[in-house]
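**Student:** Straight out of TrEMBL:
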- A:15-35: transmembrane segment (TRANSMEM)
- A:55-84: transmembrane segment (TRANSMEM)
- A:130-153: transmembrane segment (TRANSMEM)
- A:160-178: transmembrane segment (TRANSMEM)
- A:209-229: transmembrane segment (TRANSMEM)
- A:257-277: transmembrane segment (TRANSMEM)
- A:297-320: transmembrane segment (TRANSMEM)
- A:332-353: transmembrane segment (TRANSMEM)
- A:368-392: region 'Disordered' (REGION)
Amino acid sequence: MITQWFFTHVDRRGGIAIALLVAIAFLVPLSNLLLPETSPLHIPTYLVSLIGKYLTYALLAVALDLVWGFCGILSLGHGAFFALGGYAMGMYLMRQIGPRGVYADPVLPDFMVFLNWKELPWFWHGFDNFWFAALMVVLVPGALAFGFGWLAFRSRVTGVYLSIITQALTYALLLAFFRNDMGFGGNNGLTDFKDILGFNIQAGTTRSMLFAATALFLALAVFVSSFIIRSKLGKVLVGVRDAESRMRFLGYRVDRYKLFVWTISAMMAGIAGALYVPQVGIINPSEFEPANSIEAVIWVAVGGRGTIIGPIIGAVLVNFGKTYFTAAFPEIWLFALGALFIIVTLFLPKGILGLYGSWKTKLADHAARKKDSAPPPVAAENVHLPEPQAAE
Amino acid sequence: MRLNRLLSVFILMLGVCCHIVQSHAQTVDDAKLRPLVQALAGDNFEDTTKAISDLVKTGDPRVSKILDALSAGDLYLAKADKTVFLGKRDGSDYAATDALTGAKLDPVPRSAAEKIKVNNRLRRDIAAAVGGLTLMSDNIAERRSAAEAILKTRDPESIPLLDQAIAVEKDASVKALMQQAKAAAVLSSDAADDVKIAAITEVSAGNSRDALGLLTPLENVQGPVGEAAKAAIDSINTKLAFWNAVQNVVYGLSLGSVLLLAAIGLAITFGVMGVINMAHGEMVMIGAYTTFVVQQIIRTSAPGLFDYSLLIALPAAFLVSGGIGVVIERGIIRFLYGRPLETLLATWGISLVLQQAIRSWFGASNVQVGNPSWMAGSFDLGLITLTWSRLWIIVFSLSVFAILQLVLKKTMLGLRMRAVTQNRRMASSMGIRTPWVDALTFGLGSGIAGIAGVALSQIDNVSPNLGQGYIIDSFMVVVFGGVGNLWGTLVGAMSLGIANKFLEPFAGAVLGKIVVLVLIILFIQKRPRGLFALKGRAIEA
């Protein structure tokens, strides 16, 4: 019953991805905790955290793909929602430090003592409670996205205009969070976390659990995305992506569909940020950098936009490349990243998964011609990109 | 020890004797002055004050030097023979010179001399007195500084001296300054009310900030003087507020000019091709680096041409950035037409590559771009001080704007560009080779970015990140002003610049910028195509 319900909402690829994610959610922590360090299958804790970080990026990429790949909204400011979720989690973690800070103030985080603040600002209240913080992780990015989207989509701000104002949004937040008066630690951000839900945040067990949580949330995100895309609403979204005016003329309230998916996506990005912060141990305003948001776009593009698991592949691959290059050849990294942007847009408009799809088609085509029978099968089913539109 | 001191006293006396012998040969004036100088070392400050005024009354030009020394604490009294001398510390001795003649005396041990004490009141008196002395000097600079000194001390006693000086003063500006000083002195004297009111009028005509300092203490005085002072303060405050606003406008215009320079090329490429060029900031940066290279070449091969380096750099930067622009258009962007979002990503990639290329080539730190002499310095406009570079950048960006308008309106290329902007397919059907127009437009836009780089190299740090700092602001200008009309870019840039500068005093620079960004985001809701949108009938512009 359940499996049947599951597979009506998720395609085969999504199913495999979910199964894989659930599997590594269990296997990686097990390998880290149970296998002896000498075992070749043992995964050291730093690696668990590193992969965990990649998976939070993947979650951000899935969120971005939901709006860009399926609804045609290119957001250059998704990093803002990611960072806001991260800040909400960071505030919870700050409150957990309690009197163990450098200044040993039982209530105020160190940076507030340093700034000579006497009491907790109103927006910090409640963040000592994990569930309140968890709620804020989705509510704050969601509310911002809702307000912003409501204004933008209703007045039909589309295309590059929308991209640019999303960039302005994250830039404005970057400037705001850099200010000490904002009450979020200014330049240095929030760091020095001690524990989460009572567990030591540095401990291997906690790290493994955070990893498992990330993998499970990513699996959930894949499921939710598939669910949305395969629903009727998803078809409308794809319609909006490919011909917005036509959908409007057909009588659909395009702005509402966009607003819905935009807000959901921002909430996913917020969750990604919240999972990111305890694993890296710091959140600061540089997460709002417009460049970060644009980098997230390239993860999606590399993996294949308009596919649900492409962004996961893209995020992990590009970030693995980044980790490798910035350590081994720091000079080369920006060249490589820049070239990646150019090559992907020029030669791989459908990303790696698209390449795989067309490669499979060609192979099948080849086989079919050999056999001299049956028309070639259709390529990867979820990959439909818009026909190039004329510039006017 | 004792012997030593005795010896030194003896030597000193010998020196004084010698000196007396010498001074017989000098004018009688010397003999008259000497007791007065001696009197400076009086028992108390009152004696000293009297001695100072006596000295001043002689009007001898040497007096001012002696008084200056007294004020600086360089005047000493030898304990043994009670003579006053000018001393400079030199090890355990004072290198002594005669206070009046400046003749070299034998060094005095530090223990055998006593510094003539002065307090702040005396110093003020001295400053005023010296000021009074030099009011009649032949040197115009000395007269000016004397008047300024009195303006600061406001010593009522200097009023007669000032009257004398004003009567003979020929230079109008110094005369005005003296009258100011006199008015200031009158205000701190116990003159009659009508004299004071006249002085208030006089004072408020001068430098407003000084006048405010003079008048504020009088504000609470009862009677007509207080009222006159209050009225004068009010009018000065209005004047200051006005000039403050003028300053904000001028600063805003200069910030707006910078934005205009950075955004105008972007507006062209976006308007004509619908392409957002994220590498635009890097074109600006390359223009700035071209300036750097041009200056390096001039420094090593023709240092005399340095003042013209910017003029040489302008065409160079236009060609370098424009050339790179054409290469980018032909090599990458033309394959992406009709896919504006992909173009945005690809040009972002280009910007990363260009940044890293410059970083590998020139290093990650700032390079030093010099200012030619005509860019340095400042000038006064009313009550505000403006730097020449600020003014030049306004002039420069407006000329770039004007030239660009001419190119668009009067040349064949401009005609074709406008045609393509309005209706690409129709233009193509009429025989315009749209791909060439695209390439040249992109080259033109990039070239103008390069020119902007030359200007920005004068006011900003030239580093590989230069372009990043401007890209979001220039987008905002284009989005705010609207596409397809350069006037929109002009109005957008100037209003953003001025809005920024007016918000800064209330909100601080950062918060002001945030407010502007939020306002633009809200503005876009009202006019999704900017202030000056092209009118058309297409649903999707």
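Keep in mind that glycine also has a Cβ here, set from the backbone N, Cα and C atoms.
Whatever TrEMBL says is automated annotation, not expert-curated.
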**Student:** Hey, which bits of the same chain come close to the transmembrane segment (A:209-229), Cβ under 8 Å, at least six residues off its ends?
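**Tutor:** Residues 9-11, 14, 17-18, 21-22, 24-26, 28-29, 48-49, 51-52, 55-56, 58-59, 62-63, 65-66, 70, 196, 199, 237-238, 261, 264, 268, 271-272, 275, 278-279, 308-309, 312, 382.
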**Student:** Might you confirm whether the transmembrane segment (A:130-153) is in contact with the transmembrane segment (A:55-84), defined here as three or more C-beta pairs under 8 A between residues 6 or more apart in sequence?
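**Tutor:** Output yes: the transmembrane segment (A:55-84) sits against the transmembrane segment (A:130-153).
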**Student:** With the transmembrane segment (A:257-277) as the reference, find which of A:130-153, A:160-178, A:332-353 contributes the most Cβ pairs under 8 Å.
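**Tutor:** Looking only at A:130-153, A:160-178, A:332-353, the most contacts with the transmembrane segment (A:257-277) come from A:130-153.
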**Student:** Can you tell me which parts of the same chain pack against the transmembrane segment (A:297-320), counting only residues 6+ beyond its ends and a CB-CB cutoff under 8 A?
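**Tutor:** Sequence-distant neighbours of the transmembrane segment (A:297-320): 13-14, 17, 53-55, 57-58, 60-62, 64-65, 68-70, 74-76, 218, 222, 225-226, 229, 337, 340-341, 344-345, 348, 350-355, 380, 382-385.
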**Student:** Give the nonlocal contacts of the transmembrane segment (A:160-178) in its own chain as ranges (CB under 8 Å, at least six residues past its ends).
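**Tutor:** Counting only partners 6 or more residues beyond its ends, the transmembrane segment (A:160-178) has Cβ contacts under 8 Å with 73-80, 83-84, 87, 148, 152, 184, 186-187, 189, 285-286, 288-290, 293-294.
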**Student:** Let me spell it out: take the transmembrane segment (A:130-153), skip the flanking residues so only those 6+ beyond its ends count, and list any with a Cβ under 8 Å from a Cβ in it.
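**Tutor:** Residues packing against the transmembrane segment (A:130-153) from afar: 80-82, 84-85, 88-89, 91-92, 162, 165-166, 169, 196-197, 254-255, 258-259, 262-263, 265-267, 269-271, 273-274.
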